[in-house]
Amino acid sequence: MSRILLLVAVSIVMSSQKEVVIKNEKCRTCNFLVSTFDEGLKKTARHHFAGGDTAWEEKNLGKYKTSETRLIEVLEGVCKKSSLPNIDKFTGISELEFKCASQLEKHEETIEEYYYNQQQNNMSIWLCVEELKLCCPGGHFGKNCEECPGLKEGADACFGKGACHGDGSRDGSGKCKCEAGYTGNLCRHCDNEYFEESKTEKGVVCKQCHEGCLGICSSEGSKGCSKCKNGWAMIEGEGCQDVNECSNQSACTKDHEVCVNTIGSYQCDCEEGYKKDDEGKCQLDVEAHPDRPFMPIAQQLKIISFSSLIIIITFVVWHGSPVLYVLTGIAIVALILVDLYVNPDTIPDEAKRFLGLY
Ligand SMILES: *[C@@H]1O[C@H](CO)[C@@H](O)[C@H](O)[C@H]1NC(C)=O
Ligand SMILES: *[C@@H]1O[C@H](CO)[C@@H](O)[C@H](O)[C@H]1NC(C)=O
């Protein structure tokens, strides 16, 4: 029982939050009628006087402009989708042609009045707004075509930064739905992460804060931030600056990892010749380096030097010369020092090539 009540409560809350979609079908159907009618007027004018421009047609159409012959020709294409090059504006209305034809039939006299006596007017406004009262003029909504917020103050609907619910239709609530970056009932304020660049009676202009800012900011750039996002630090006189996480030794510590700093963060990539396995560990990438040495260079060096040492010692013992004993002692000490203090990574490439390590 209580679960059902909860469900009902939840669905009520959800439906009250959902924006009511205005179908506005009658108004749009009327505009479809007007568009096809207009297209017919243009087409017949072209047929009658091929090649003339609008002003030229106006002067030369003469009696044909309001003749019955022309009206019949125009009506042939009215309410037909095929009359328009593009019907995107009218998608979503089922049986559009049929509904349009019904309007045409119902309001035949008014449409004829337009044709014979009102062609100087904008047909969409004259017919759909003023005569048939199916639409409201731009910036107006609802049964009585009330003004959208902002018009009273001499500004555009929703102060130019939002959509007025029901704008242009005989429906809707007139509430503003603000564009990204704007907020408030009238879209006259800047949203979080935006700052006010300018403000007049016509509305406000908001711009996005710097990417390092957290929440509000006072101006453009990193210096405008009040607080910084994670991965950014407030530096005196500089504002929010990207933190180079890689300068922290404990950023990437697994074997063969290298730290790569990114804006606002960092990532641990594998060093060259390695790639991540399924567990995210960096493993030698065999495919990428088929000609990589079979053994690390340091090890190869050791093997070469120690086998040379053994050969020398054998030679010295065989000869039994005291001078050679001294020289061999020096060589052994030198070898141990090299082994302890020389980093194989710092050996020049030419030297490695000379030793046959590649
Ligand atoms: C008629 O007015 C409507 C709405 O203001 C406008 O969109 C349309 O372009 C106008 N038509 C002509 C032919 O000027
Ligand atoms: C370095 O990183 C570690 C672990 O992510 C963190 O606990 C530590 O505070 C960092 N040190 C500095 C100086 O940022």
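Using the three backbone atoms N, Cα and C, a Cβ is placed for every residue, glycine included.
Under the three-state DSSP scheme, C178 (disulfide bond) falls in the strand class. Around C178 (disulfide bond), taking its Cβ as the centre, 20 other Cβ atoms fall within 10 Å, counting all chains. Per TrEMBL, the feature disulfide bond maps to C178-C187.
Per-residue pLDDT, averaged along the domain 'EGF-like' (150-188), amounts to 95 for this model. The feature domain 'EGF-like' is assigned by TrEMBL to 150-188 (among others).
Residues annotated as domain 'EGF-like' in TrEMBL: 242-283 (among others).
Residues or ranges marked as signal peptide by TrEMBL: 1-18.
Residues or ranges marked as transmembrane segment by TrEMBL: 301-318 (among others).
Per TrEMBL, the feature transmembrane segment maps to 323-342 (among others).
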Within-chain partners of the domain 'EGF-like' (150-188) [C-beta distance under 8 Å, separation at least 6 from its ends]: 19-20, 22-24, 26-27, 133-143, 194, 201-204, 206-208
Assigned element (helix, strand, coil) containing C187 (disulfide bond), judged by DSSP: coil
Counts of helix, strand and coil residues, the domain 'EGF-like' (242-283), according to DSSP: 3 helix, 18 strand, 21 coil
